[in-house]
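K.L.:
Can you read through this structure? Questions will come right after.
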Amino acid sequence: MPKDDHTGATADRTAQPTGTGKQPLVPGQPGAAPVQPGRVNFFTRIALSQRLHEIFERLPLMNRVTRREGEALFDIVSGFVQSQVLLAIVEFRVLHILAGASWPLPQLAERTGLAEDRLAVLMQAAAALKLVKFRRGLWQLAPRGAAFITVPGLEAMVRHHPVLYRDLADPVAFLKGDIEPELAGFWPYVFGPLAQEDAGLAERYSQLMADSQRVVADDTLRLVDLRDAKRVMDVGGGTGAFLRVVAKLYPELPLTLFDLPHVLSVADRFSPKLDFAPGSFRDDPIPQGADVITLVRVLYDHPDSVVEPLLAKVHAALPPGGRLIISEAMAGGAKPDRACDVYFAFYTMAMSSGRTRSPEEIKQMLEKAGFTKVSKPRTLRPFITSVIEAERG
């Protein structure tokens with residue numbers, strides 16, 4: 001998704017075909033060395049036998065395994081309904097109502113405007129998702145529901161999901177490329193020149209991007225150490241949501257925000273240590289002077305044909321020993337990740353401009369650009385972000 005809170009999120013991301021550049025030779029990815037078809041392994045052959053399933057259901061130990069797998073399969077099957085239950089809970093503001101007080105069903109129905117019988121079904125579903133709980137005749141907010149309305153940007157993101165779900169309504173046509181994804185034009189509209197026609201929409205999604213960027217910044221700065229940095233430059237940093245968090249942690253650290261001129265014209269100079277550097281990383285060189293450059297939720301917004309030249313420009317801008325920090329949701333590679341390889345991979349595909357990449361793919365691109373000492377700190381929350389550091393040799 002767009003990485004920050006204003007037009008810089010899209011202005012350097014005009015739609016281009018995904019994968020127009022050469023794909024890294026990572027196993028399982030386009031462009032990888034060919035591999036001959038193999039045999040189905042033993043355990044999978046067992047799982048393909050209906051007769052063995054029936055036998056395992058009767059065995060004291062094996063029935064636990066089959067039951068657990070059955071529950072996992074049904075969780076996948078019912079996933080869309082779960083997401084729609086969550087959207088309904090958000091739209092009826094159930095969690096916010098319960099954050100103020102616990103209510104019996106009749107009074108809760110009055111506050112939501114729903115008929116009691118339908119609200120009862122919704123509340124049971126929300127309780128099954130552990131968002132709410134029922135105690136002593138009252139519906140109450142559960143810890144998970146409290147966390148949901150507390151995490152910045154999460155509720156707004158759920159409200160945004162129908163745009164993505166409309167694109168995925170026919171997944172066969174979507175994957176074959178037979179439809180024009182609505183999401184591909186959504187963010188350029190929200191943060192582009194037409195946004196002046198719907199200022200409320202732009203403001204709402206600007207806040208969403210700023211909120212989500214703060215969460216990414218928090219996780220990123222827990223994984224990297226900037227105490228020895230002389231100047232940090234955030235490339236494609238929008239109006240500065242990431243650097244704002246950096247400034248709070250390192251108030252004396254000089255900062256540079258690099259983005260398009262019209263983006264910087266609405267950015268807030270929140271620190272006396274902050275400099276603006278207008279430019280386009282597509283068309284202009286990256287300014288020199290920073291020994292740490294950050295790319296936060298930038299790479300997955302762009303195809304390889306944009307990312308590879310960008311990494312080369314960053315390498316040229318850094319001094320020897322300078323560091324590049326990349327922070328974004330990354331694919332799992334050899335160990336597929338449920339959040340990134342399902343949600344973010346399909347989200348970026350619907351945007352029609354970028355793709356999620358595994359750490360190994362990014363490492364290969366960095367080495368091709370001339371970087372050395374590529375490392376990946378242990379990820380705190382891969383569904384929020386992962387971090388890769390690299391050094392100019």
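Cβ atoms here come from the backbone N, Cα and C positions, even for glycine.
What you see is a predicted model, and the numbers here were worked out from it, not measured in a lab.
So Swiss-Prot has the following annotated:
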REGION    1-36  region 'Disordered'
COMPBIAS  26-36  compositional bias 'Low complexity'
BINDING   Asp259, Arg297  S-adenosyl-L-methionine binding site
K.L.:
Taking the Cβ of Asp259 (S-adenosyl-L-methionine binding site) as the centre, count every other Cβ atom within 10 Å, in any protein chain shown.
P.N.:
28
K.L.:
For Arg297 (S-adenosyl-L-methionine binding site), list the number of other Cβ atoms lying within 10 Å of its Cβ atom.
P.N.:
26
